[in-house]
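Participant: Before anything else, here's the structure in question.
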């Protein structure tokens with residue numbers, strides 16, 4: 001006696017994003033904390049030392065936030081105009097910032113007043129950074145120059161006038177105190193050595209360069225400009241390695257995450273994309289409410305901070321496993337589970353006599369009814385609210401099985417208003433789903449056949465039927481439009497593709513025997529006719 | 001023709017075992033069923049076939065236990081004989097020649113020496129009109145008995161054997177035909193007829209389908225086409241008869257049976273549910289559902305403990321007391337039509353074809369056993385007539401047997417046909433196929449052909465499918481991009497069409513470097529490596545029906561058959577037609593192990609076979625009228641051991657064997673004379689060499705056999721079947737030693753016979769020898785005359801002693817010794833039996 005085979009529920013390919021390790025990792029953040037700043041957030045920088053405060057440059061202020069605080073722990077307001085590029089020194093003690101008024105200010109993190117003012121640029125300074133020996137400052141300005149300053153005596157050390165447009169990004173080497181790289185709106189990246197008079201390397205990005213990033217090993221340089229991210233191999237003399245075209249608006253900011261294993265890019269198209277730095281494939285995508293100007297990641301990806309044009313600062317903190325465990329334990333544990341597993345892990349002794357018990361097969365409710373040929377009840381069981389909402393494929397599978405058994409009509413018939421409205425609700429919800437359409441159309445036809453005599457008796461049912469009609473009409477219109485588009489595409493493809501020489505069988509002329517010929521004659525070798 | 005004598009078409013395996021109702025032996029240990037020309041005896045415990053009773057020359061149409069002897073069974077056959085068998089030992093006891101083809105056989109315990117048979121009424125050739133005859137079996141000695149004492153009991157009997165049943169203690173016989181129930185009382189010699197209306201009020205047919213009689217009560221149960229069961233009572237009156245209707249089955253009741261005590265009524269039908277009705281309390285029923293296929297016969301063992309149901313899928317299920325299926329005897333499943341090609345599994349060498357609905361069966365031809373059923377559809381099968389369910393329409397195995405592709409279809413005719421292509425991987429640990437990939441709707445419309453690349457192995461496997469939608473698609477095993485997405489699965493690799501024509505056939509060359517696809521009248525040849533169209537060939541008019549690449553030395557040839565009855569052979573090197581001939585080829589087949597090709601040609605309602613090499617003008621072998629009808633399924637099965645036949649006409653059978661399915665779903669094969677001779681000698685050896693362990697008894701009697709065999713072969717000396725006294729002494733001893741112990745009477749009763757037989761052998765042979773004079777006697781014979789203590793000696797020393805004694809022993813007995821022996825024979829040995837009794 002064979003056992004009952006449960007209804008086969010077809011597995012449909014999952015639409016949308018695939019769940020990978022990366023999506024799980026990057027989704028594991030809490031709901032963002034949003035803070036309103038005074039203006040567009042142009043730069044965010046994390047302090048290299050614990051507790052990893054971060055400086056947010058927005059309009060004429062720089063706010064320093066603690067890792068979990070929602071209020072700034074420190075504010076620098078002594079700017080005459082818009083401040084730019086507030087950056088921490090590698091010991092986290094000093095902070096440098098440029099300004100629209102061309103003065104570069106150096107602050108003590110604990111103080112208020114600027115320790116030093118570096119005057120010399122003639123236009124707004126958008127780029128500031130400390131060199132790795134901590135005693136010099138790199139600045140880049142809209143007057144096309146970049147300069148090195150000595151911190152102790154606030155003196156200008158050298159000036160480079162090689163760029164031909166605004167310098168809007170720059171980065172210093174963490175390993176060598178003399179090396180730094182700048183990117184400019186003249187589409188070039190230049191590598192400078194403080195010991196040399198001129199730039200030592202120039203690379204052409206192709207678009208105005210908005211952001212630069214050095215890998216921790218400093219062998220690779222990442223530049224962002226326009227809609228593209230480019231990766232350059234510095235050790236091979238600035239050879240372009242990868243071109244990433246994943247944004248559809250200008251990319252404004254770059255950041256590294258997960259110890260350099262992931263690259264993040266933020267763009268005016270309101271997306272932050274996460275790339276795998278070995279394959280340079282997008283592994284995750286964040287959406288934000290407005291165009292993004294700045295982005296920074298705390299060490300170990302503890303938080304993602306994003307500043308936007310609508311002057312909102314969004315901070316996402318990472319969820320921790322202890323917290324999620326707490327959430328789990330809060331769920332009520334069912335006592336029945338212990339009942340079920342009781343004795344399951346009992347290991348019999350070697351000389352025990354085992355009495356085997358037939359394993360009882362568990363069947364879903366609809367299968368139990370199908371086994372008893374209760375077709376209406378089986379359909380009812382599959383139309384249970386959570387099932388039809390969460391797993392419509394099960395309901396559709398049962399309808400299909402009933403159709404296969406030739407009893408779908410019986411199952412659909414004999415329903416009262418409430419049951420019928422449930423059924424129609426399901427049909428309306430899923431009839432345009434291409435995965436389910438064929439079978440639900442059959443069912444819908446049967447429903448109309450069965451219940452056409454009672455149309456008009458219930459307002460609820462009539463309303464649902466009208467909705468069904470509307471949905472079908474709009475679907476038909478949509479299909480028609482799509483077919484038209486398809487036709488247009490076909491003609492376009494047909495005209496664009498050059499005609500290929502296709503071997504064409506000219507039946508009856510060139511090959512084979514004409515009827516009545518002797519079987520021993522050798523037909524000619526078949527050749528495709530020439531295309532005129 | 002010499003060839004036809006050399007090579008014969010024979011049935012090989014897979015015969016139907018559910019043609020007639022099986023019989024269960026009284027001890028419930030054996031099951032007898034008619035199977036083709038033989039009767040098979042199965043053990044009910046091990047499901048093995050323990051005996052095959054061969055002898056009938058035509059289809060066996062009934063098996064029945066002899067009511068007066070539970071160790072014997074009757075079988076009847078369309079060859080006009082009834083045979084009586086000892087089924088435990090497989091001995092034919094008697095053959096009764098009736099002279100007319102017999103359709104079924106019945107017997108009743110109260111009619112001693114009479115059997116009832118259904119034969120066609122004289123003057124009618126067909127099976128439409130049968131009559132029930134009572135045959136008085138003559139009690140004469142001899143194996144072949146002519147019977148002439150026939151008397152008609154009933155006329156107008158249905159051809160269905162289930163429509164005749166004998167009532168309580170054989171007082172009456174009930175028979176149904178159409179809508180009429182006929183009851184004949186033997187004592188009163190009176191018959192009653194009861195009729196029902198053609199159709200019941202619900203418009204379904206009232207026709208009787210089966211009948212059963214209660215063993216102790218006057219009650220007849222009849223089954224009807226509309227699923228009703230009627231219990232008839234008071235049928236010995238013309239007017240006051242009554243019946244009660246039971247209705248559970250939704251379609252035809254095929255089988256009915258009362259248990260021996262009459263406490264329960266069993267019924268079965270298309271639903272494949274065994275229903276047990278309590279007699280007198282019919283509202284209570286027990287069910288045994290999901291038995292697998294429609295029930296055609298039900299039999300109950302005489303003690304009522306074991307039920308057995310025959311099913312339409314050539315299966316016998318043994319059920320213990322209506323609750324538990326204890327064993328299943330499964331023959332080769334034959335559906336209405338085999339839709340898949342015949343294939344041979346390269347691993348198990350089993351034949352693969354459609355089995356139960358939605359299954360593929362793997363049938364071992366060597367062992368004549370079903371190995372396993374692969375559930376392809378994996379859906380509950382609803383046993384209901386007229387329901388359109390998924391069917392496996394195509395299956396193909398790759399060269400190594402590692403992958404299996406199946407195509408299943410539903411609603412083949414309508415537009416919304418449901419199609420699934422499934423790919424199964426062979427799983428080493430479980431030794432069966434495991435589902436790997438399901439492709440739903442691989443083609444928009446029906447699939448016309450699927451084939452694997454025969455040369456590819458492992459990860460490079462390639463499958464090609466052709467569909468009515470004008471496309472052919474190539475499928476490849478693809479490793480998923482993400483390692484956590486599970487194992488490799490099959491994806492579509494290439495899609496192509498050719499001028500909107502429908503591809504009908506596809507075929508790979510043996511090395512997998514070329515793929516030929518037949519698009520209606522055009523053959524296109526593609527390179528699977530680059531998916532380039534290499535060349536096209538065409539042979540108008542006529543649509544390509546079959547395509548086949550030559551093998552081995554003939555691999556440069558491509559053969560094709562067209563619907564305009566042409567068989568064409570193209571040379572692929574010159575891209576030209578090598579030869580063509582006009583013949584209606586229904587099937588073209590290449591032997592995988594040689595360069596031979598087989599073509600089945602349909603001509604004048606018969607099928608002819610031609611075996612040829614594409615490179616040679618003359619066929620190697622041809623046979624006209626292999627079978628009637630069109631052969632559309634055949635396969636070359638590689639032999640385990642190659643034959644070494646030197647006959648030119650049978651050399652093509654050396655490496656592989658050709659099996660084919662007739663339109664009537666009989667599996668036939670070709671066998672050579674050499675092969676048959678080998679089989680015959682093997683079976684003879686089996687008879688002679690019943691290798692009994694070397695016991696003292698064996699030494700005592702072993703070499704006697706030539707003597708008593710000669711005696712047995714002489715019909716005059718042959719003992720009668722009931723065997724009261726053993727005339728040929730050692731034959732009796734042999735019977736005694738070889739028949740199973742449970743068959744024998746008590747040892748006490750046998751003792752004296754046995755002793756006498758021993759003595760008798762000695763004297764008789766001795767006398768023979770003395771009369772012959774010069775026969776040198778065997779050493780063993782001498783030993784028989786020695787004392788019993790010598791017989792107890794070990795086996796090792798015996799032959800040497802025997803050798804020594806050959807010279808010394810006196811070959812001739814003295815008169816005194818003979819006299820002494822005679823005296824011993826006359827002695828009363830009853831004291832010995834009383835000794836045993838105590």
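Every residue, even glycine, has its Cβ placed from backbone N, Cα and C.
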Participant: I'm validating the feature mapping. Which of B:614-663, B:764-813 is tagged region 'Disordered' in TrEMBL?
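Facilitator: In TrEMBL, residues B:764-813 carry the label region 'Disordered'.
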Participant: If I go by TrEMBL, the feature region 'Disordered' sits on one of B:676-703, B:704-731. Which?
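Facilitator: Residues B:704-731 are the ones TrEMBL records as region 'Disordered'.
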Participant: Would you mind listing the long-range same-chain contacts of the repeat 'WD' (B:201-232), meaning Cβ under 8 Å and 6+ residues beyond its ends?
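Facilitator: For the repeat 'WD' (B:201-232), the sequence-distant neighbours (Cβ-Cβ under 8 Å, at least 6 residues beyond its ends) are 158, 160, 162-168, 172, 174-181, 183, 194, 241-258, 260-262, 265, 267, 269, 277, 279, 282.
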Participant: Let me spell it out: take the repeat 'WD' (B:246-287), skip the flanking residues so only those 6+ beyond its ends count, and list any with a Cβ under 8 Å from a Cβ in it.
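Facilitator: Residues 21, 162, 209-217, 219, 221-231, 293-300, 302-304, 307, 309-311, 319, 322, 383-385.
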Participant: By DSSP, how many residues in the repeat 'WD' (B:201-232) are helix, how many strand, and how many coil?
Facilitator: 0 helix, 17 strand, 15 coil
